[in-house]
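Student: So Swiss-Prot lists these for the protein:
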- H103: chlorophyll a 2 binding site (BINDING)
- Q166, R177: chlorophyll b 4 binding site (BINDING)
- R36: N2-acetylarginine (MOD_RES)
- 1-35: transit peptide (TRANSIT)
- 101-121: transmembrane segment (TRANSMEM)
- 153-173: transmembrane segment (TRANSMEM)
- 221-241: transmembrane segment (TRANSMEM)
Amino acid sequence: MASSTMALSSPSLAGKAVKLGPTASEIIGEGRITMRKTAGKPKTVQSSSPWYGPDRVKYLGPFSGESPSYLTGEFPGDYGWDTAGLSADPETFAKNRELEVIHCRWAMLGALGCVFPELLARNGVKFGEAVWFKAGSQIFSEGGLDYLGNPSLVHAQSILAIWACQVILMGAVEGYRIAGGPLGEVVDPLYPGGSFDPLGLADDPEAFAELKVKEIKNGRLAMFSMFGFFVQAIVTGKGPLENLADHLADPVNNNAWNFATNFVPGK
């Protein structure tokens, strides 16, 4: 509508502006409010899903007993188990839930980063140092650190410069995840979507709900894996794939029990 008001020629209305409809700014403003309300609504999950609701899968199956009243099966990864009562307070639960999901994502990336370079090195790809906990120390060597073993890719010689780059890049991503940015508005900081979901995996509510469960399950396994990688590095001084190869070659002598008993006093 080119104009929302007009002056009528009738004597009784002469010189008076009569409003025929809402202005463009009002239309746009209302549209924005409606869009935000729609985007902010949680996507519902059908009650037939085995991962949500009161009849969801529990941590001990049919022997799980009664779940705490505050664990209703609303969120992914809720198996009705909270012996320490960490989820009893809603605010604490919301904070811990966000921390868990973020740590899950970092652990999945970290586990892949620990295994993949060593896997490539064992298959003929040349790295300066493929073992994850030894690679970073190469920056203190005389020649510095070459990313992926390629001096023409990224040649790092300053740990402070690496730290600054990490803070800037990770801070920018986290800031956008929480507060939004020029690429779009973020409605849910935990599942921002938009530019963080270029493949549109979250478009279907049912598929998205199942992907949330898969993410939290794989993330919890990844956190345990990272803990195991740290312990292996301290005890054996080897990477995860080398430890796996040693175990498969001699499972009787190369296992967690034998390594643990080496620390028994008097042995």
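Residue 1 is the first one shown; counting continues down the chain.
Glycine is no exception: its Cβ is also placed from the backbone N, Cα and C atoms.
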Student: Let me spell it out: take the transmembrane segment (153-173), skip the flanking residues so only those 6+ beyond its ends count, and list any with a Cβ under 8 Å from a Cβ in it.
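Tutor: Contacts with the transmembrane segment (153-173): 139-140, 144-147.
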Student: What number of additional C-beta atoms lies within 10 angstroms of the C-beta atom of R177 (chlorophyll b 4 binding site)?
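Tutor: Result for R177 (chlorophyll b 4 binding site): 17 other Cβ atoms within 10 Å.
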Student: Between R177 (chlorophyll b 4 binding site) and the residue listed as 'chlorophyll a 2 binding site', what is the CA-CA distance rounded to a whole number of Å?
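Tutor: Here the two Cα atoms are 15 Å apart.
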